[in-house]
Amino acid sequence: MARLERDGTNKSLESLMDSHKPGGTTTNLNQLRTQKSIPGYGLEFTNLSYSIIKKQKKDGVWINKETYLLHDISGQAIKGEIMAIMGPSGAGKSTFLDALAGRIAKGSLQGSVRIDGKPVTTSYMKMVSSYVMQDDQLFPMLTVFETFMFAAEVRLPPSISRDEKKKRVHELLNKLGLQSATHTYIGDEGRRGVSGGERRRVSIGIEIIHKPSLLFLDEPTSGLDSTSAYSVVEKIKDIAQGGSIVLMTIHQPSFRIQMLLDKITILARGRLIYMGRPDALHTHLSGFGRPVPDGENNIEYLLDVITEYDQATVGLDPLVQYQHDGHKPDPAAMTPVPKPPRTPYRRNTPASKHMISLRSQGFTAGTPQPDSSQFGLDDDDNDDDENFDNSLERRSVQTSRNIVTSGVYPRLASQFYQDFSAKDFSVWLYNGVVGTPRRPPSWTPARTPGWTPGKTPLSGPRSFVSNQHSASYQDPYYIQKTNTVVGQSMDYSATSYAPSYEEFEIEEVLDEPDLGPKYANPWLREVAVLSWRTVLNVIRTPELFASREIVLTVMALVLSTIFKNLGDTTFIDINRLLNFYIFAVCLVFFSSNDAVPSFIMERFIFIRETSHNAYRASSYVISSLIVYLPFFAVQGLTFAVITKLMLHLKSNLFNFWMILFASLITTNAYVMLVSALVPSYITGYAVVIATTALFFLTCGFFLKRTQIPAYWKWLHYISAIKYPFEGLLINEFKNNRGCYSGNKADLSPGPLGDVKPSKHHNASLPLNCLLGEDVLSTMDITMESLWYDILILLAWGVLYRFFFYLVLRFYSKNERK
């Protein structure tokens, strides 16, 4: 029931599927845009900062340096609008998008992200949002319709009938303009398929089939021509107008695309330079003192200004400070002084700094040079010689530490709260929605009277207080900034509160509502749907298993013609049997290596699909095993039948096949585990070959168990080749009362070596006679039944599959550390 309630509330968002219906909320959304956004509504982010530790060489010594990729970014994105994130290369656009989407590991991201005034957990963000990656990770052998149907099957609950899912898929195809490509394969380098623009729209479609409340897109126009790029953004605009919150990164949008954007966020070195409407950027730059020249594009001109300041001694601080509080910089700062060129032989000594100061005064034509302390620049923090990336270094760890210990937290951008200075009621409302320091749990925002636990924050009714305030609130992003905002009524820098990550986590635990099931479908249904897709891929990629079947068939024929008749009972045939069986096991092992590149290519699709709870990792592991089992059975049976009949083996055919079948299952599980751990198929091949060599060396063929040094004997017991090799020998020689005869000289050289008679050997046997048990005793095989070997082999296969699941579940996550 909880899931159905959540699905019902998502429908109230007037998403893409319902935006065209009469009586929808398009008019209401337009009214909201005219009434402006309010705190406690939409997606709010406060003081987002993210840093990493980088090793840098300074004065010949490697040191750890904290580098900020995001620094103190605050703002809001509301329903029905597109927020485009822009900036120069390395500005932190994708990092910022990942921070909002919950793709940064816990403990690394500072600040808070809220939806409708409620703090969000990573699991909740996955349930209400979708993320379209920059690379289109799709199965090339599926058609567009099949790709959408799979997304509908795993993203929509079973309460929705299959006919309804098909109807929704066709509606989505029409909305995205993919009607003509409905039954076209996605395609790849080897098979022609949809175009680049259509492929991008398919990637967007599979992420919105379940009508998410938030949609994140990383460079959706990358690699597309201008017409295709405009078409993609136009469809994204339709999605936003359906009631979703859309945030996307974009690089150098055309003028037509800029006209489709509702709000832009421009970053540089992880710092916020501008957030607001595109048509207000001209006023923003004029207020800063850098009006846009006639004929210039506003965004491109701002990027040029950013580059100019970034390469100057003053840095980006004037731009950041003006965006933060509307403080117009000193006139000297509006003409940035270029940095002197760096050379390997020149350091920033005090004398050189003095010379730079003199040059700066001359460059500004008599204008007083601003004090470096005005923008937080210290002489001791000039590390430009070592800073070779486009990220922001922490200016002063001690300063931030003093802020925390004093209880004064960094305030929000004035654009976000400047309108709350008019009345004490507004101040109280702001503190009540965003949060005040040290409030008892009973006064947390989640326990305000307007919160209804049965509905998600995005679709539930807003609180009574928020509705009262919405009529008088004015969007700070749409208002021209003035210099009289700060200090009119009170200083919010000492009272505004940005909850720390630890407090944010505690609030989540206390106030998280019942979100219903984490996944849309039960486990068995996920297995069935994933198995259906895997079968389609296997059928349309016959070379994957056909090549392995051909290899095993050809090698079975070759081995049969090389070893000829192995049914004779001479000493020479004993060594020939041992050689044949060890080669058969190794052949089966190496035939599974083709799973390395196939899974590595599929792994990126798995990460994309599971990053927002499309299905469970366990469903994926089990479904792939179910589909592959019949192919393993056929391959093992083919090899067993050919060699059994042509070589006249005395072994039991069913047991022979079962051992090969179990070997294929286990080796495939092992190769899948390796491919899940390595970054590329080249590394995967290297690891598989190296471990196979160790397994081969310690399986008991070259060195018997008693001949292996004690400190390496553990390798003998974990060898994946040991158990099938022993099982095949037991199947051939166990309970074989026939007598192998010949000269002892025929036993050496060979793998058998010196004979060690078994307990079944007695004096009544002929002089030069060896029983099958004698062969097993000589090979140090003490297992009483081959089924023990089969069970142990399958147990290793289960263990490999379990480790494979753990890697997929906990290691294969698309998040920053």
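Glycine too: its Cβ is placed from the backbone N, Cα and C atoms.
Under the heading topological domain 'Cytoplasmic', Swiss-Prot lists 1-542 (among others). The average pLDDT for the topological domain 'Cytoplasmic' (1-542) in the predicted structure is 69.
Here Swiss-Prot flags 1-30 (among others) as region 'Disordered'.
Here Swiss-Prot flags 43-294 as domain 'ABC transporter'.
The feature region 'Disordered' is assigned by Swiss-Prot to 321-349 (among others).
Residues or ranges marked as region 'Disordered' by Swiss-Prot: 362-395 (among others).
The compositional bias 'Polar residues' feature in Swiss-Prot is assigned to 362-375.
Taken from Swiss-Prot, the feature compositional bias 'Acidic residues' covers 377-388.
The region 'Disordered' annotation in Swiss-Prot covers 439-463 (among others).
Here Swiss-Prot flags 543-563 (among others) as transmembrane segment, drawing on sequence analysis.
Cβ atoms under 8 Å from those of the topological domain 'Extracellular' (564-579) belong to residues 647-650, 701, 729, 732, 738-744, 746-747, 750-752, 768, 770, 775, 779 of the same chain, restricted to positions at least 6 beyond its ends. According to Swiss-Prot, the feature topological domain 'Extracellular' maps to 564-579 (among others).
The transmembrane segment annotation in Swiss-Prot covers 580-600 (among others) and rests on sequence analysis.
Look at Swiss-Prot and you will find 601-621 (among others) tagged as topological domain 'Cytoplasmic', backed by a curator's inference.
The feature transmembrane segment is assigned by Swiss-Prot to 622-642 (among others), with sequence analysis given as support. Under 8 Å from some Cβ of the transmembrane segment (622-642) lie the Cβ atoms of residues 526-528, 530-531, 534-535, 538, 545, 548-549, 552-553, 555-557, 560, 584, 587-588, 591, 653, 656-657, 660-661, 663-665, 668-669, 672, 801, all in the same chain and six or more residues away from its ends.
Taken from Swiss-Prot, the feature topological domain 'Extracellular' applies to 643-657 (among others).
The transmembrane segment annotation in Swiss-Prot covers 658-678 (among others) and is backed by sequence analysis. Within the chain, the transmembrane segment (658-678) has long-range Cβ neighbours (under 8 A, six or more residues past its boundaries) at 584-585, 588-589, 591-593, 595-597, 599-600, 603, 624-625, 628-629, 632-633, 635-637, 639-640, 684, 687-688, 691, 720, 724, 727-728, 731, 786, 789-790, 793-794, 796-798, 800-801, 803-804, 807-808, 811-812.
Note on the transmembrane segment (682-702): residues 578, 582, 585-586, 589-590, 593, 596-597, 600, 670-671, 674-675, 708, 712, 715-716, 719-722, 725-726, 751, 779-781 of its chain, located 6 or more positions outside it, place their CB under 8 angstroms from a CB of the stretch. Under the heading transmembrane segment, Swiss-Prot lists 682-702 (among others), citing sequence analysis as support.
Counting residue by residue with DSSP, the topological domain 'Extracellular' (564-579) contains 9 helix, 1 strand, 6 coil. Outside the topological domain 'Extracellular' (643-657), and at least 6 residues removed from its termini, the chain residues within Cβ reach (under 8 Å) are 556-557, 559-561, 563-567, 580, 584, 636-637, 727-728, 731-732, 736, 738, 786. With a cut-off of 8 Å between Cβ atoms, the residues of this chain six or more beyond the topological domain 'Cytoplasmic' (601-621) that come close are 103, 123, 126-127, 129-131, 133, 135, 137-139, 151, 154-155, 207, 212, 518-521, 523, 526-527, 529-530, 675-676, 801, 804-805, 808-809, 812-814.
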